[in-house]
Amino acid sequence: MTSLHALSPASNIQASRCVRRALPGQARYASVLATPRLPGRRTAPSSTQNDGPSPSARPVVLARSLFDNRGKDDFGDRILASIPFLLPLLDGLPYAKFIMIQYPFVARAFAPVAPLMYIYHAFPFAPFLVFLAIYAGIVNNQGLPRFVRYHAMQAVLLDVLLIIPQVILNDLWKAPTDPLGLQAYITAYNTLFLFTSVCAAYGIASSLVGVTARLPIVAEAADVQVRD
């Protein structure tokens, strides 16, 4: 009779209550351990398990990261890190003349940058002066965070890469007249514009959200040039 009484449901409930009084901080886990399991049945998973933000909340988290400064660089540093990428973008826009004719929506997308491009190319030495200002005022300024200097160095190197194709396409290789050569000429222009604009847009977006961008070709060289 004693063994049957020890295995009765009433005794199990009383034991569970005693465990709850003994360990109030672990009452939830003690009650689960004290509850008898019936053979052939599985315990349902807890509904309080948190697997992270739901898929619907992820866009909100990404949008908030633009203004969230916790554990990231200051918002002013983000703005300063994104500005140098305008240099390769403005120098790469002249290569968009063919793609803007083929796809007019590209011209409409870059219409807000047109006044800045006009001012940038209105003065003969303006691109060179802007280049020196970014390199001397941002890249070599040890008072700025490495996040800012590293992005500025990538923008400078990306702009330097445009010098070689600029010399080839504008001075050595004039616009050909044969169809095959003309198609290759247009393809080279479109490729340069797409590569430069995508890299600049990625650098600007990454800087604004506080993420370190690593652009192809120039990232490793920027690591060597920018030291802590």
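Glycine is no exception: its Cβ is also placed from the backbone N, Cα and C atoms.
Over in TrEMBL, the protein carries these features:
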- 44-53: compositional bias 'Polar residues' (COMPBIAS)
- 38-58: region 'Disordered' (REGION)
- 79-98: transmembrane segment (TRANSMEM)
- 118-138: transmembrane segment (TRANSMEM)
- 150-168: transmembrane segment (TRANSMEM)
- 188-211: transmembrane segment (TRANSMEM)
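At the 8 Å Cβ cutoff, the transmembrane segment (118-138) and the transmembrane segment (188-211) share fewer than 3 close pairs (sequence separation 6 or more) and do not count as touching. Residues 62, 65-66, 69, 72-73, 78-79, 81-82, 85-86, 88-89, 91-93, 95-99, 147, 151, 154-155, 158, 162, 165, 169 of the same chain lie 6+ residues outside the transmembrane segment (188-211) yet bring a C-beta within less than 8 angstroms of a C-beta in it.
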